[in-house]
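K.L.:
Take a look at this one; I'll ask things after.
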Amino acid sequence: MDDLANLVFPGQQVAVTWDGSSSTEALKEFVSKLQEVVAPRGKVSVENIERLLLSAHADSSFDAILLGMVQGTQCIHSSEVLAEVARILKPGGALIIQEPVAAGAGAQLRTPEHLSSVLKLSGLTEVTQLLQEPLNPEQKQGVVELLGYNGNDVSTIRIRAKKPNYEVGSSRQLSLPKRKTAEKPSVDPAAAKLWTLSASDMNDDDVDILDSDELLDQEDLKKPAPSSLLASGCGEGSEKKRKACKNCTCGLAEELEAEKTPSTVPKAAPSACGNCYLGDAFRCASCPYLGMPAFKPGEKVLLNPTKLQDA
């Protein structure tokens, strides 16, 4: 066993864990040596690793916690246990952990790198490897029986890690440099005066205001003749068919369209005698308009269907 004076110091509150694989005599001897180091003001507490999560220690209770340090202990410390250790350690407190590791990944045991990573993820810093040594035959047998690993790449590693000098969730004000206020660009007085229009200038006799009625003369107000709007050569020549240009704006397209559309003016409805509209005195015996009042020529008159059948 290395000199404990390098692991704990006088006056500290120290916690030591053990499990079913730990030797009872070795545990008593180890605790006795620790008490000699931390005495008289220090204290050593002993915890079963399986009951640590149920012990409900207050935050920041211990200056140092030793995991797996009792002779004969073969234990893999879970992430939950390591997180609890980080909680009950005082700011700046130290964790010394010792457990078996494997050289290759994928085994039941962690690799040294994996163990260091788990400690950092638990909130600990300054992770330092103190030693790594091969197992003796008795320790190898314990790994096989207790952990179920029968590889030849097993060794024991001891690592020291520290809790940061602040509590988890604590806050501190950051002294950030003050932001410089942007300076406004300087304004040239001459340029400002050039673009400034005084209200009094609007009534100044020297200011000439254009009369909108004088902008157009009489020629501009005349309605142009349609022929003057035609483009050069538009629709000219009797030997060729008149055709409007694409996107015609001179009115030729509308003119040609009007020529194609037949007149829809209704013609006056003719009658056999031509006198039906004058009244019954001028209607023949078979006239369907008998009994109806006189109407204007071309006026639309609705006839009784019965009279149409009789006719």
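Glycine is no exception: its Cβ is also placed from the backbone N, Cα and C atoms.
Feature list, courtesy of Swiss-Prot:
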- 8-176: region 'N-terminal SAM-like domain' (REGION)
- 177-221: region 'Linker' (REGION)
- 234-250: region 'Fe-S binding site A' (REGION)
- C234, C245, C248, C250: [2Fe-2S] cluster binding site (BINDING)
- 273-287: region 'Fe-S binding site B' (REGION)
- 273-276: motif 'Cx2C motif 1' (MOTIF)
- C273, C276, C284, C287: [4Fe-4S] cluster binding site (BINDING)
- 284-287: motif 'Cx2C motif 2' (MOTIF)
K.L.:
How does the region 'Fe-S binding site B' (273-287) divide up by DSSP, counting helix, then strand, then coil residues?
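P.N.:
Here the numbers are 6 helix, 0 strand, 9 coil.
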K.L.:
May I ask for the distance between C245 ([2Fe-2S] cluster binding site) and C276 ([4Fe-4S] cluster binding site), taken between their Cα atoms and rounded to an integer number of Å?
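P.N.:
Cα-Cα, rounded: 51 Å.
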K.L.:
Taking only the residues in the motif 'Cx2C motif 2' (284-287), give me the average pLDDT of this model.
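P.N.:
In the predicted model, the motif 'Cx2C motif 2' (284-287) has a mean pLDDT of 73.
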K.L.:
Can you grab the distance from C250 ([2Fe-2S] cluster binding site) over to C287 ([4Fe-4S] cluster binding site)? Cα atoms, rounded to a whole Å.
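P.N.:
C287 ([4Fe-4S] cluster binding site) has its Cα 53 Å from the Cα of C250 ([2Fe-2S] cluster binding site).
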K.L.:
Within a 10 Å radius around the Cβ, which one of these binding-site residues has the most neighbouring Cβ atoms: C245, C276, C284?
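P.N.:
Of the binding-site residues C245, C276, C284, the most buried by Cβ count within 10 Å is C276.
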K.L.:
If I take the Cα of C248 ([2Fe-2S] cluster binding site) as reference, which of the binding-site residues C276, C284, C287 has the closest Cα?
P.N.:
C276
K.L.:
With every protein chain in view, how many other Cβ atoms are within 10 Å of the Cβ of C248 ([2Fe-2S] cluster binding site)?
P.N.:
16
